[in-house]
Amino acid sequence: MENWSLVSICVLFGLTARWAVSLNSYSGAGKPPMFGDYEAQRHWQEVTYNLPVHEWYFNTTDNNLNYWGLDYPPLTAYHSLLCAHVAKLINPDWVELHASRGHESYGHKLFMRATVLVADLLIYIPAVVLYSFYLSEGSNKKKVCTVLCILLYPGLILIDYGHFQYNSISLGLALWGVVVLGLGWDVLGSLAFVLSLNYKQMELYHSLPFFCYLLGKCFKQGLAGQGLFLLVKIAVTVLVTFALCWLPFLSDPGQILQVVHRLFPVGRGLFEDKVANTWCSLNVLIKIKTILSTDTQLYFRPVCLLLNDLPLPAIWFLQASTFSMLPLFLKDGLLVPYVVTSLAFLFFSIYLLSALEHCSEDKLRLGPYRRLLICMPRMDLGRVTKWKFYFSITAMAGLSFMSVALAPPAQLPDLFPLLVSVFSYLHFLGLLLYFNIVQIAEPPQSVRKNQKKSN
Amino acid sequence: MCYLYVEVHSVISIPPRLIHRGQASVYDTGCVMATPRADDWSWFPALALGVSFLKCILINAYHSTDFEVHRNWLAITHSLPVSKWYHENTSEWTLDYPPLFAWFEYSLSHVAQHFDKEMLVVQNLLYTSPATILFQRLSVIVTDIVFIYAVKECCRSVREEKGSKDLLGHPFFILAALLLWNFGLLIVDHIHFQYNGFLFGILLLSVARHLQGRHLEGALLFTVLLNLKHIYLYIAPAYGIFLLRSYCFTEDNTDGSVRWSSFSPVRLVALGSIVISVGALSFGPFIAMGQLPQVLSRLFPFKRGLCHAYWAPNVWALYNMVDKALSVLGVRLKLLDVAKLPKASMTGGLVQEFQHSILPSVSPSITLICTLLSIMPAVLSIWCRPRGARGFLRCLVVCALGSFMFGWHVHEKAILMAILPFSILAVESREDAGIFLMLTTTGHYSLFPLLFTAAELPIKVLLMLLFTLYSFTSLKKLFRGSLLNPLETTYLLGLVAVEILCEVVYPLSPWQHTMPFVPLLVTSVYCSLGVCYSFIRLYVSLLRQHGTDKHKQL
């Protein structure tokens, strides 16, 4: 079958899974007075539609910042405004100032879910397809499988279509940045990433790799000539994009300060909610590879490529990141989608990417570990890894079951969320260490040129 | 978990089997077994598990009144003694399936009590606790294992084409995908809510057994199926004539006609005893209690109405439409007096008791005669020139479709009875593939009105696109080239226009309130055209084959 039809089938399947999850509950459903992230997004539509721009980030009589005040950069606000205009056309009650607070209805839920789907379809999904086809290796079949597996990542589906958020926009824009940079269009790539950053400030985690890559590229091209020109082009692009995004706020330094204060509240911790865990986990999956060879190639290895290259560790990491959000999913009433999407993701990615077959010491690049474990030369590290994986998945399943079925002891009411957190962070640490070691230890010759593959 | 799966798959991959010729007549032309390459059927559990995950994610989707119907039956069979099962009418959804299905519900109820005992109380009408929903949905998903097994058996019976192909191009892979991921079955069973997967599993297994030459098993399975849901009486003529002709007569003359001397009374008795024993198991207790008339009255209620509330896309939908159009035209042209027309025929929509104004009214006996006339040529053809199990399968599809076309009070879901078995023929012949695409796309689209909620609209559109895209591209690749002529393609593209008209444009128009039935009418009539066309083409191909056979004999 031709590629386009296979990819379309994968995308359709991914969209069906997403919408099916969205039929379930959302964050804060039926829980006044504060509700949850769903209400926050609706409230931002209300605020941006009814109030002038200079009041969006300020505490006024009409805008109580304690009730889900805007705390994302301006692009989120503009997106909310766009959605609000559409909402007003369909049913003005949804964005009525003050009166629409806590509004919940069948039609409104459909509308909100539809906005997530549209954003996903326009931004994230095309980036995934382009990434898999232009920047990853393997046969066409493997690329199609990669598309499917990325689209089935449960964490993103459950957070965006269950809990309710728009991570697909910021992640999608960042992924566009990666794709475009991979194709050699640096200015456009930096533009995409700046847009992503202006949608969610968490993208700062990804900014270091982008910055280092582009700076390194400029250095390589020689700061006396081409490199400087490129540096200037990129700097101008970044500044102009920032300026355009922050345009309404540039007139008054007080505005800028207030927005920054909202984005980076010193009073609160950076990891306010479990949702931050996704960022913590996903951010570390973007690595830079500086190769000091004649055809210097700075190489991005986001999780997508890792899925292709090192399927088992990538799947393990992604599943651990989903598992880490279990307490949140339970709170939102998303147990069934969590179980089904996790099982489906594990099954499809292991089967389609033959993860358990590519489990030799060599394929997993466990050389450094071999050197560390010099006292046990006969141990088959590949097999050990496989069994650790099984044990880990079983433990995750067990902990999930216990969180649902058992009541925690009275003196330790948060026992299960704590166990989940500790378990997940141990995984993150271990797998982070592994990815770093693999990256550092990889010999330079293994880098291939990025080629624009035509299908 | 996946390690286990790897272990399991190596256990269940079945080595190729030899053909059983002993029980079939000489003209059994289709039993070449497909030998899976290097016993690698690992893709099959993957396909099956994949669709099962999809079914699980639809657990919280909309479900129709059929959900309550089955909950009520669980309650009746669990809480009441057998003697009351067919008398109970606390709920409007009385037991109207044959006794074996009642026993099926009874066995399910024993599992149900561990989920939520309250659902088994007859008085708890419309009880839908989360545990109830979970149990009922899971019961459909789990009983689908019968369907999955049946699909595997059908795939093993499919003709293998020579030449190495990649997996996705193999007929058995395509058949597995078309059956396991069938759009109609997914939305009727796992959203609307029914147990068709389980029932069609038995039907397809029966067909597979006939294709494999194991006719007694096939007959047994069909008898069991009839006692589970009596709608399968539609295809009983195909079974009856085929088994009589090709199983009871062990040999044919050289020209293909019946060799009366080869009649085997043993075989007839074997078949008869299967039918009687299963029937006895099923209806026996009720006959003993003298409740047979009551059971039959429940199974065959006198339902008023030529058509269901939503007109199934059959001949009668077209008939109703023509009648309506003529009456409107007649009034406009002042040929008819409005006062003399039946009430509400001008503005009334889809009512069950549709009174025809101009064309003669249609009674149940007329529909029966039409149905019998429509299936007669097909049934006669497998008597006169049997073409083995595949000829039987073709006749089965024709019977199913003929009954759909001309039957009384047909439900649109009945189209699946033609579509699912037809899939087997579609992966083996180019012409069948073309008819299949027409029938399936139209038939599946006609199921859209079943899911009328806004939340499920994206699901049905996405799944329809998924299935249609796959069926077109895979069959096109298999048979190397376009399977439909431009007219057919245009008609199918018209379905997109109908969908946009009915679900987007019309609801926003001013007529939505005065004539809310128009989208249903348009859907029904438009799809009838496609279904009728497919029926005619199928018949033409069947009669053409019959003609070729006859010609060969001369």
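The first residue you see is number 1, and the count goes up from there.
Heads up, the Cβ atoms here are built off N, Cα and C, so glycines get one too.
Just so you know, TrEMBL annotations are computer predictions that nobody has curated.
Residues or ranges marked as signal peptide in TrEMBL: A:1-22. With a threshold of 8 Å between CB atoms, the same-chain residues lying at least 6 positions outside the signal peptide (A:1-22) that come near it are 113, 116-117, 120-121, 125, 129, 133, 140-141, 143-144, 147-148, 151-152, 157-158, 160-162, 334, 337, 341, 344, 455.
Per TrEMBL, the feature transmembrane segment maps to A:110-132 (among others).
According to TrEMBL, the feature transmembrane segment maps to A:144-161 (among others). Listed by sequence, the residues of this chain that lie at least six past the ends of the transmembrane segment (A:144-161) yet keep a Cβ under 8 A from its Cβ atoms are 3, 6-7, 10-11, 13-14, 17-19, 21-22, 113, 116-117, 120, 125, 128-129, 132-133, 136, 138, 167-168, 171, 275, 278, 304, 307-308, 315, 318-319, 321-322, 325, 329, 334, 337-338, 341-342, 344-345, 348-349, 352-353.
Among the features that TrEMBL reports, transmembrane segment is placed at A:173-197 (among others). Proximity of distant same-chain residues to the transmembrane segment (A:173-197), defined by a Cβ-Cβ separation under 8 Å and at least 6 residues beyond the stretch ends, is recorded for 73, 75, 123-124, 127-128, 130-131, 134-135, 203-204, 206-207, 210, 213-214, 217, 230, 233-234, 237-238, 241-242, 245, 286, 300, 302, 304, 450, 452.
Taken from TrEMBL, the feature transmembrane segment applies to A:227-249 (among others). Beyond the ends of the transmembrane segment (A:227-249), by six or more residues, the same chain brings 53-54, 57, 73-75, 186-187, 190-191, 194-195, 198, 214-215, 217-221, 255-256, 259 to within a C-beta distance below 8 angstroms of the stretch.
According to TrEMBL, the transmembrane segment annotation covers A:335-356 (among others).
What TrEMBL lists as transmembrane segment is A:389-409 (among others).
If you look up TrEMBL, you'll see A:415-435 (among others) marked as transmembrane segment.
Distant neighbours of the transmembrane segment (A:110-132): 7, 11, 14-15, 18-19, 22, 26, 38, 41-42, 79, 83, 86-87, 90-91, 94, 143-144, 146-147, 150-151, 160-161, 164, 166, 168-169, 171-173, 175-176, 178-179, 182, 302, 304, 308; these residues of the same chain sit at least 6 beyond its ends, with a Cβ under 8 Å from one of its Cβ atoms.
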